[in-house]
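Notes for the one structure printed next.
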Amino acid sequence: MAKAEKDFIKLTSEPLVLQDIVDLVKDDQAGAISTFCGTTHKTVVRLEYESYIPMAEKEISSIITDVRTKWQLMKVAVYHRLGIVPVGETSVIIAVSSVHRHESLKAVEWLIDTLKEKVPIWKKEIYNDGSSWKENTKSKCC
C-alpha cells in the first residue's frame, strides 16, 4: 500500500524481497539508502505474526509522519510479514533514502524501535519442543 508518493507501507503474508523495497525508495537526488532487515533466527522453528491490518497501517503511517519531522528524508518504506515466517526468512524491512547517510541511518534505527513499541503486530515464537511464546508488539515487535 502506498501512502503519498514517497511513503510505502505493506503488511503481507508473501516473502519480502530487499531489492524490491530498496527500488521503491531510490531517488536520483538521494546520496544514501539505509535499510534494516529483521530475520527469523534459529533459536526458534518459526515465527507467526498477526495484526489488525487497518490499525497497523494507520500507526505505521503515523510513525513515518513523525520520522519526517526528525530528519530530512526523501522516501520511506516499511514492509512487514504476517503469518508464518520460517527460520532465515525476513520478517520486516525498512528502507529510507536521504541526501546524506546520517539522516537515513538514524531514521531507520528510530523507525524499527518505534515500530516495535507502537504498531499492533503480535509475534508468536514456536520452539523445537513445540512450546510457544506470544508477545504483543505494542510493547515489543519484530
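Note that Cβ sites are derived from N, Cα and C of the backbone, with glycine treated the same way.
The substrate binding site annotation in TrEMBL covers H100, R101, K116, K123, K124, E125.
Where TrEMBL records a feature, it is marked here on the structure.
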residue	record	Cβ neighbours (10 Å)
H100	substrate binding site	12
R101	substrate binding site	12
K116	substrate binding site	19
K123	substrate binding site	20
K124	substrate binding site	15
E125	substrate binding site	16
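In this structure the residues listed as binding substrate are H100, R101, K116, K123, K124, E125; their two most distant Cα atoms lie 37 Å apart.
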